[in-house]
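Accompanying notes for the structure given below.
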């Protein structure tokens, strides 16, 4: 492992594999920007072999928000560098760099004018910068190098595959558990509860390469169909035999023990049974309990009384014990009876229900993953995790080296941000691209901080980071904290800088960092505040409600002082008053957030929970809105009364009673809801809800309440969602039914609750969400909460150092390793929490720490409490804090008896700025648009319409699609059944073309006649079962028709990895589409007598979708399927007829456009691509004419190099 050295951004080598460890607040983003500038300019020492442009520098991070932020920061650095270099070029005075040490050092060996030119180009092209999320990068590579990845161009990215998982979890439950006998089904229902419960247990680890650690490997290897009868059924059978044996033997057992209890022993002999435990009266109760258990088919657990008192080993343990009084007596002779030995043998032969339940869960997991995999093999939906898996697999297969080389060629340099959040699959991808085949002209930098690896629950793997760290050629670290005031930095150094592994693992080191000396300080009522303030409760227990109250009152005092201009941040040059938005309260989850928010609300302090993941459908407003919609849909007494009884209308019981009693009042309400119904029907639901909002004064009413902003935000959000959903539902009733299902949680769409306000509010945020952020003042009210016992988890997963694998410890044999992982992450979470503040942190702690392990307790004791969940004794909190205070001198305040008292409710005034809409003064070009071949061809025909003779009118508006006109005469199914052999008489029209295209898209070409898929095709064509054989024969003929005598290949010969189906494209028109130049080019170089195109000049893009692109013998071919009906005989599909149809429908224009699009695509992804050498040609397959004979129904052309080259200039 390379030694870690301080980073110098000027000298860091850029042509190797390096790792940068960036502790919290040490300027990681600034460092990335500095290295980016060096790469753009080929500047500094140990620089890259050539200057790179923004498209060649790959920067990968893990969230969309981080990606946008990083792009913004890099753009700002480039702009700043342009301004400073420009100023320096004019003055040659280094003061132009304004104390920018990096640029000052960088300019020493820089051609300033060339550098400014390159930076301006980079600034202009930042929208093209290769700054992506990990999933965005994977998707781009899969699509761009589709022939190497085998990915379908029409893949549908699904952010949330919950609906699929629910579907497959239910399927598995039905398929395997419904047929079980009563006892086995009872076991499943009790242990696994429901498919939803199983998903909640498995979801976090689905898709991981998870090995199971268990002694009985066979229980894992058998399929579920064998596991259930052999193991679950076998358990129930053996258990029933045990119960039956007990019932048969109960009287005998009772007699044996009774005889022993009344047996006389010599006075100098200890008894074989302890008669204080075993008594005749107790014996009867014990046996009755076990009898009841034996007669209860629902109870599958081993009875504890049976285990404790009637097994041979437990009886031997329960002999009379030697004491001081009877120490002279002879030892007891162990009591033995074959019946107890037999009972023990039977019990020990049983697998524990806990293990059996986990094994069943393992098989459920395997079945669920297989269902998901099978589904995705046959469908285009792909999740984010699938993108990673597919790229990783593509890089490992036979063409993986070539794919890695192409990616390396495209991105010779890569930086991976937040690398501590990586996993083994992500590292395998970048390892394959950059580490396995290092080249002189490539560089790879991993940037992260193992101390901030807190996303294990999302699949992040700290051990992958540590492995990558060991494999890096060089390791660097950032050594100065720019975020926090000096004394806060000193405090973190004091807490974590101790020898006993502050982060549990030896290879996660803590290095004390330096800090700035020019930071502001926090002053309260004229006095400088300590960096750390601890409030100790009088209770020894963690009382979260009390701690939340202390936190809220402390914040109230801060804000009161701020209102009096007595809470300020200042130094000699700068002064600013504390605002509510400067304060953050860090919590672990929404429950803690609710406690704090509630206490703040009591004191009149508005706050916002920034980590709210709840659905808006779970809000009270959603339920009340459902009542309102019911009344609008059904204008009747009961629905209207239910609606106006909601909080939205603000009526009380007396008001509603008055409405019921007063006919005029009631009629007004009935008329209102009738009007709302009409608005819904005529203008839509959004218009209706806005009408209700205005007429009923709902906004004013809600905003007058404490939770008003939250409720109004939810109302408006739901109105938007309902408006969007209305487009998908045919009636108001259907929309209301959908809305009620969303509230109930059925197949719920993603609708995360929105922030209620962006005003100056106290922020409440989870520690996980706060990572990477900073706040002026930070409150940590719940850090003393004891750690949860990791062994209590149902699924225990840990990393095995010996096996270098993630293991499911199904038998709980390695709880020490599990505890280490859990505690290590708790410490990393603590580190993140303690490094968010800029000026002060405040804590609420109990008088004593609990006897359970706690991360803050661990660092305050400098690791002395060890790594066991249960501690020997509790520790006095004040004593621990005093040790910390001694190191920090005057920068720690310990309040042992918080004398905070709540003040009167605050009224915080916020300035409301007046806003005015800007006036648009620009000019929008109206001729930019996205068109298609179909639009171009139809426009051409419309132009010709006015010059053609009336006798040709019937053909003017032919759609020129891949199928016959919608107006073509349909052949009935009845006629088809009379003449099944003539496939040429298939129905005509759009439906047929669409169905055939879908069939070709979904099937392997070697399996076009697959019975299951043929049935789907037949049904979509509305043909009965008698047509199945004809369809199969026809599709067999299509797949085996040689496309060309020259290349000698049929569709059936194509490997799936050499095909891209339904390849969409956007062909950019570089300037304007020059119609005259297009016609001139065709006349000069096109061998078909194509007519002149009549079309307007436009700019923009031409879009389309190529049915098939395939690769054969190193050449690329374009294929289009046509289901056009040309006649009832095969002679109607000969080469002359096909050529005539190609010209009549202008398909030659289509394939020239498609060829140009494919040509440009291949230029961008195939190294050293050459059209003359690499492009094979175009096949148009007229499916009705393909009968297995060479080139039957197949039109082929290969546009000349000159034609495509000139067309490339036309578009």
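Cβ coordinates come from backbone N, Cα and C, glycine included.
From the candidate list 1015, 1107, 1132, the residue Swiss-Prot records in the Mg(2+) site shared with 997, 1120 is 1107. Taken as a whole, the domain 'UvrD-like helicase ATP-binding' (1-485) shows an average pLDDT of 90 in this prediction. Cβ-based neighbour count (10 Å, all protein chains) for residue 22 (ATP binding site) stands at 26. What surrounds the ATP site, by Cβ distance within 8 Å of the Cβ centroid and not counting 22, 23, 24, 25, 26, 27, 28, 29, is the set 31, 449, 478, 481, 482, 483 from the same chain. Taken residue by residue with DSSP, residue 1120 (Mg(2+) binding site) is part of a strand. Comparing C-alpha positions, residue 22 (ATP binding site) sits nearest to 1107 among the binding-site residues 997, 1107, 1120.
Mapped onto three states, the DSSP output places residue 23 (ATP binding site) in coil. The separation of residue 1120 (Mg(2+) binding site) from residue 26 (ATP binding site), Cα to Cα, is 57 Å. Of 997, 1107, 1120, all annotated as binding-site residues, the residue with the shortest Cα distance to residue 29 (ATP binding site) is 1107. When the binding-site residues 997, 1107, 1120 are compared by Cα distance to residue 24 (ATP binding site), the shortest distance belongs to 1107. Between the listed binding-site residues, namely 25, 27, the fewest other CB atoms within 10 angstroms of a CB are found at 27.
Of 997, 1107, 1120, all annotated as binding-site residues, the residue with the shortest Cα distance to residue 23 (ATP binding site) is 1107.
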